[in-house]
Amino acid sequence: MVSATVARNIAGIFGNVISLFLFLSPIPTFITIYKMKKVEEYKADPYLATVLNCALWVFYGLPIVHPDSLLVITINATGLAIELFYLSIFFYFSPTPRKVKVGLWLVGEMVFVGIVATCTLLLFHTHNKRSSLVGIICVIFVSLMYIAPLTIMSKVIKTKSVRYMPFSLSLANFLNGIIWVIYALIKFDLFILIGNGLGTVSGAVQLILYACYYKTTPKDDQEEDNLSKANSQLQLSGNQGQAKGVPA
């Protein structure tokens, strides 16, 4: 008989693998940027949002806040490093005004996380209170991040085309949410459950829309830049599954 701890760890490892795939999904976008030597219409917003999301979940998973959350830390720390790498590429190929904007946002995010960490550690002295405060903040930001997938889903309904919603990412988002929900239920974690519950619902809706509109999607070749932009936006819905611990 597999113990609850072992089952939870197995679920967390699977969640780490799927979440890593989601973090790596924007690679085509940055290959395009590198080839063009400029960012053109690509936006840094998804990556800035994911940096903040991952940083907060890393803090949530620390032993001084929420013990026994190593797998939450591993995937979100990995995601944080990947997103910062993306932003470094974006920064390098951006014109000066956009570099300033990205830099200011990153500084603002670091200050915000620092304030959250300071207030949490100084004002609350039990794991329960600390994890509750940080967990609530994480869930709020994760919920806001689902605005991006909603935009894509709305476009699918209006155009009756799934061209801008790659099936592989929709399926990965759904599986990612399911795995982290299981992780959260084995050793009950309300905040991981809420965030990834939203991710599961979002992924399920995307799959339903795909089934509904696949046949009405034009069969002509899809432009690489459209797919890359779709990948960038859809990536957001998976990052909390770190439990986006974490990666929805």
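The backbone N, Cα and C atoms fix where each Cβ goes, glycine too.
Positions annotated as compositional bias 'Polar residues' by TrEMBL: 228-242. Annotated region 'Disordered' per TrEMBL: 219-248, in sequence order. Residues or ranges marked as transmembrane segment in TrEMBL: 12-34, 46-65, 71-92, 104-125, 131-152, 164-186, 192-213.
Against the transmembrane segment (104-125), the recorded stretches 12-34, 46-65, 71-92 differ in Cβ pairs under 8 Å, and the greatest number is found for 46-65. With a cut-off of 8 Å on Cβ pairs spaced 6 or more residues apart, the transmembrane segment (164-186) and the transmembrane segment (46-65) reach fewer than 3 such pairs and are scored as not touching. Relative to the transmembrane segment (131-152), the listed stretch 46-65 leads the set 12-34, 46-65, 71-92, 192-213 in CB pairs under 8 A.
With a cut-off of 8 Å between Cβ atoms, the residues of this chain six or more beyond the transmembrane segment (71-92) that come close are 9, 12-13, 15-16, 19-20, 23-24, 26, 30, 33-34, 39, 42, 44, 47-48, 50-51, 54-55, 57-58, 60-62, 99, 102-103, 106, 183, 192, 239, 242-247.
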